[in-house]
Structure formats: C-alpha cells, structure tokens
Amino acid sequence: MGKVSKSPGKGEKRIGKVGKKNGKSNAPTEGSNSGKASRFTMSERNLGLMQEIIRKDPESYKEEFLEQFNYFVQTMKLLHLQPEQSRQEMQSLVDSVLFLSGLAKHYPKESKQFSDSLFELLREQGAGLDPEVRMAFCKALVLLRNQDMIDPIILMETFFELVKVEDKVLRKFLLSSISAHLKRVYHKKKDVKMLGKIQNLCFSKMKDSRSIVARAAQLVCIDAFRRKFWRDARTANVIAQACFHKVAKIQVTSMKFFLGSENENGDAEDSDEMDSDAEDNTKTLKEVMTSFRNVKKTRKREKNVERAKKMISKKKKAKKEGRSKECNLMAIQSLYDPQEFVDRLFGAVEAKKMDNFEVRLFKIALCARIIGIHRLHTLSFYSYLHRFLQPKQRDVTKILLYAAQACHEMVPPDTVEQLIRVIANNFVTDRNSPEAMTVGINAIREILSNCPFAATEELLRDLSEYKTYKNKNVSMAARSLITLFRAVNPKLLARKDRGKPQEKDDEDEEYNGFARPKVHDFISGAEILDEDAADGEQGHLEEDGTDSELDVSDVDTDDVDTDDDADEPVAKKKRVEQKSVENDAESDADDEEIEDEEEMDDEEEEIEISDEEEEEIDDEAEEEAVVEEEASEAVEKDPKLKASKNSMDRIMTQEDFKNIKAYQLKKQLIGEKRLKKQMGKGRSQADERIVDEMAEKLELKRSSDGLARLSDIEHFYKKKRQSKEERMADVMAGRADEDYKFGRPKKNGAHVGRTNDQNSKKKVFAMVKNKIRGRNRQRSFRDQQKSLRHYLMRQSGRKPQ
C-alpha cells in the first residue's frame, strides 16, 4: 500500500476524447513553434479547464467525469485503510474531490454516492486524516450544500462531530460555514422551517456532554442572536442556561453576552447604517493591495501599505467587538423568570465552591444588571457586597458599579442605607487617599440617584461638608452630590446648600417617600393647548347630533314663537314640547280626540311665559356668565388648572402631543437655566460644569437602560500628574496609531477635503478628454508656440527657459 498512483492512461484518453469532439488532433506536431501542449491536455494541473468545458456540455463529457469519479472511488478505498497519508501523497485525490464537487449538480446520481463517501470517511476516520485533506473534504461538502445536493441538517451534524478534532483552523471554518448558511437561509431563501430545524439542532447540541461541542453550539446561537437570525426569547433563555454549565469557559461566554453594553451612550439604533457608511468611506484590503500591485515598489509605498493594512484590520476588529456588545438589553428583557434566574445565579456565587475571582465577578455583575433592569428583590445580594467594599479590594470600582446598578426605587431604604454607610465608612474618610474618597462619593451619588429615599439628613450633610476639601476631585464629587439633591429633595440639604427654589411652590412641595409613586391627574404641558380648537371640535360634534334629538326638536314647531335673542326660553320650550309628545303617546285610544284638545290648551298655557320669569332667567344667565369668566381667569393664571381642564375636556390628537413634547423640551431648557441661577451671582465655571454633567447623566439614564456606567464611578475632574516615563509611554503608543505625518492628515476617506486638482487626477479619462481638448483649442498662438518650444527643449535634454 504505497503512494496513490494516477489513474492509468488517464491523460492519453482524455486527449483523444477532447480532440475527437473538436474534430482536431491534439497531438503536438513537429513543426510546433511554441512546443507547448494543447489547451485540452487534461493533466492534474488543468482540471479547472476540464471543469469549465464539462459545465458547458455535461452530457458529451460524462465519460471524463466518470473517469475521475472512478478514480475517486478507488482512492477512497485506499484512504480507508491508510487515513494518515500526507497532503503531498493525496494531492491528486484533493484535486479530484474539488473537481467532482463543482460538477455534482450535473450528475445527481454520482453526486449522491460522492457525498455519502465523504460523510462516511469524515465520521469514521476524520480525526486521523491529514488536516489539509480533511479541510478539502469539508469545503467540498459545503459546495455541495450550496448547490442543494445534500441535506444541510446532516451536514451540520457532521460538522458538530468534527468540532471535537483538535484542529483550530478546522473549527473556525466549521463555525463560519454554519453562520454563512444561516445568513443565506435567512436573507435569500427566507426558509423559516429550515431556520427552526437548525435552531433545534443547535439547542440539542448545547446539552451535549462534550464541552467542545456545547461551546460550538453556544457560539453559533450567540452569533445568530446578534445578527438577528434568531432574535427571540427562546434563544436568549437557552443561552442563559449556559451560565450554569459545569465548564467555566462556557459560563463566561454566556455572561459576557448578557453583560456587553450596546455602547457607552446606550444607542444601538442604525448601527448597520453606520457600519455601511464607514465601509463606503474607507478602502478595502483588496483595493489597497490592487493599487500597490500596479505601481513601482518603493520603501515609502511599502510602509504606507503596511499602515493601511493595520488600519483596516483594526477597524474590522472594532466593528466585530461592537457587534459582540449589542443586544444585551433585549436578551435580559427576554428572560422568562428573571427572579428565579437571579436567585439561582446568586446561589452559585454564595456557594462554597472555589470559583476563579474573575468568574465570580462576572456572576455578580450579571446579577446586578438583571436586578436593576427588572426591579427584582434579592435583598441578600446587597449584604453580600459588604465584604468586597474596601479600598484595597481588587477591582473595587467595578464592585461599586455593580452595587449602584443593583439599586432601584423598589429596594427598601434601610437595605440601601446600610450599603451607603459601609461605603462612607470605608472610603469617605480622611485616612484614605483622595482617589478612594472621590470614588466613594461618586458611588454614593449613583446609588442615591436610583434610591433617593435611602438618603438621611445626617449622612447627606456630612458628605456635603467635603465641598470645601483641599483636593479638587473630592470637593467636586461632593458638589455633584449636592447638585443631585437640589433637584431630587433639597429639604435634606443644609439651608445654605439648597439654593433658590425653581418655582413658586417648590418650598411647600411634598416629596414622595418609599413605595409612594407620584400619580399625575393631568397631562403635563397640556396648558399650552388652545381652547378654541377644542370648542370648535365640540361645536362640530353638537351639530352632528343623533337622529332622535333632531326629531324631538322638529315636533310642533309651527305653534311655538321662536325668539333668536333668548336661547334659554327656546330650550325650555323644546323640553316642554318633548314632555307633551310623551304624554300624547301614553293616552288611551278611546278618548283620543278629547284629550288631544285638552293637552293642546295646556301646552299653550305653558308656552306663554310671563315677563317676570324671563327676567329671572336673564339674571341667572348673567350670573353664570360672570362665574364662568372668573373661573376662566383663574385657569389662565394657574397653568396646572389649565392643564387639568384641557386634559379632561378634550380628546388629544397627534398634533397636540407633538406640541406638548416641544413645550416640555423648551421648559426643560428653561429649568436648567434656573438651576444654574441657584448658585448665586458668584458661581464658578466648575459649578456650571457640575450642573451640565448632572443634566446629561439624568438624560442618559432616562434614554437608555437607566443603569450607571463605570465612567461615572471613576470620574475625576482633575487628573493626577503623570511622570515623564508615563508620558513617554503614551507618546510611543500614540505613534503606532498616528494618522498624521509632517503635520498633514492622512486622506483615506472618500470625502476628506481634497482639492479639485486632486479629484480630477482620479477621474476616468473619458470624462475629461473633451475638456482638455477644448482647453487646448482656446489657447492663443503665442501659448501654443511657447508650449511647443518647451517640449522640444525637454526632448533634447535642455532646460526650458
């Protein structure tokens, strides 16, 4: 059993066949000048040419295909006996496999046997094959799948079995091929049934006892969720169950998926559009290499190409990392039972099992994130954090961040107060460094911004005294805490720190306590709506009344003397007429004529109203008008009454809500100005900076998931002075990524401020040839003569004068 030999007589037979089909002899003649073989010589190096010929006429060249197929079958039998042969020994088989896989759709019967042979060999001898041979077989199967010649589910099952082979390149190829097939099914075919089958297969593989197979299925599910192939609650919960896997690496992968933030500002919308814009404005690696291939190779150009390649790879990596941090908020919100999940995960944290500190920190972070988003009650979590709240603790700023994220308005104030006391006693003391004090006050501020009910007057006033501390960072952190409670509950502050009230009623305002939500009985901002529009709508509705009202008003109108100037009597007459009609309906049929006459007499008596009654009605109308006028004046003076009246008396339209939103934004800007005026006439730029930053943070929390960021905890207003070594290290690190050379920026984008001359050099010549020809025609005879003289002098090697 030595090396695999080529099929006997293969080349000669092919030559004869092809020559016969073309009606020519392909044997090289003695008078051949070039001495090259014919273009139809079917040796191992031109199987690609044979493949193109067979694609044009599969039936005529079926014999050549069968010849290669028989050679493949015989070689596979040998490979079953000796699977460990190298790539050099099996090169002919690899070429034959790629040849047959490209023509499989033209010969379905043979392709079925071909794919079965590949599946059988990979399942039985996959681990013992040469890596390159194994990779070639997998690529052939992927090609067959793309041609719909094999079942994708069977192929994926085979790929998951091959994941256990210790071949890093193969694993990467298998996972990428599965993701590519998902993308193809989702975007091109829109086959929901096939997506469901693949999803069920991946979910079953995540429960596999082999950790490497479970991890591969986990990576496929995470990638499909991020790329919106399987963005549903079922996928998110299956990934969440991997947080309790026995292998720590699988746990960390799932927890990283849930913990990755969308971005620092919480905005993940239009990320695909931003990525596409970035791709349009930057050159691809293929464009860079193509332009470099067609120019003279110099040292400068080689450096530029290397720099461009580094920049492109860096942007690809940044894009991949940005995609990996998406969708965590949606995944957390999709959990079926977040309370049970947090209790189980926190139980694993509290267990005596010795986990790595990084793994334990990931579990604490995930618990805090889910507690904060879902407003859960896991009170033992806060007391568990007490042991880690020490300035010398490893990653203490992250633990402070998790404590702030886990606090929300539904946590009992006494629990949060204990947490704040621990932070204040361990961090905000004179025996600690200014950095530790700053971090502690920042953490307390973030906790109290989520749980303002936990603040006590004593603690808050003690922390406010640090506004005059000698260190700038500590004093600014204390001022930011004061600024927060000026907007939340200024009564807890000392009188000198409260500032001026923003509104007239702020001094008498009652601030809600714990579990007492503030209920609005009107739409805030509805006072700006115009009442005339509402009156017009009501009048229009009154005109379009019901049929019954119209019928009643039309009864016996001939017998009633109408008066246009007296609206009230007319209304009373109509009510009287309605009563008479009802009485007519109740009369007996026998005495109908007599009772009709009597009722007509009674009706005439009731209609005749005396002058005294008319005067009384007029006085009542005037009194009602005066009362309504006074009430309208009171409503105009009090915006709350006007807003309440507009909210109750009209039906809001989309235009009304748009006007209210614009008014609220304007009012918010005015409120910020009033907040700055609270500082007094002698306010500093630092105070204004605190106010602006606090407003940005509050707006950020309202617009995103509402959780604190690590930059809020580690925020220092005045950075520590760096040493010379640190500054030089920053300089050297920046030079590797610099986009500037000799003071000029690198022009990589499509629109980066090039001049018209530079842009004209890149235009296609067909676009500018007419312009150049016209420019030459417009030149004077003197200019043409001068140009010709300079040209002739340059041609002769002389310098033009």
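Cβ atoms are placed via backbone N, Cα and C, with glycine included.
What Swiss-Prot records for 1-40 (among others) is region 'Disordered'.
What Swiss-Prot lists as compositional bias 'Polar residues' is 24-40.
What Swiss-Prot lists as region 'Disordered' is 495-517 (among others).
Positions annotated as region 'Disordered' by Swiss-Prot: 536-647 (among others).
Summarising the annotation, Swiss-Prot assigns compositional bias 'Acidic residues' to 544-568 (among others).
Residues annotated as compositional bias 'Acidic residues' in Swiss-Prot: 583-633 (among others).
The region 'Disordered' annotation in Swiss-Prot covers 739-801 (among others).
Here Swiss-Prot flags 770-779 (among others) as compositional bias 'Basic residues'. Sequence-remote contacts of a segment are chain residues at least 6 beyond its ends whose Cβ falls under 8 Å from one of its Cβ atoms, and for the compositional bias 'Basic residues' (770-779) they are 787.
The compositional bias 'Basic residues' annotation in Swiss-Prot covers 787-801 (among others). Long-range Cβ contacts of the compositional bias 'Basic residues' (787-801) within its own chain (Cβ-Cβ under 8 Å, at least 6 residues beyond either end) map to 779.
According to DSSP, the secondary structure content of the compositional bias 'Basic residues' (787-801) in residues is 9 helix, 0 strand, 6 coil.
Taking H, G and I as helix, E and B as strand and the rest as coil, DSSP gives the compositional bias 'Basic residues' (770-779) the counts 8 helix, 0 strand, 2 coil.
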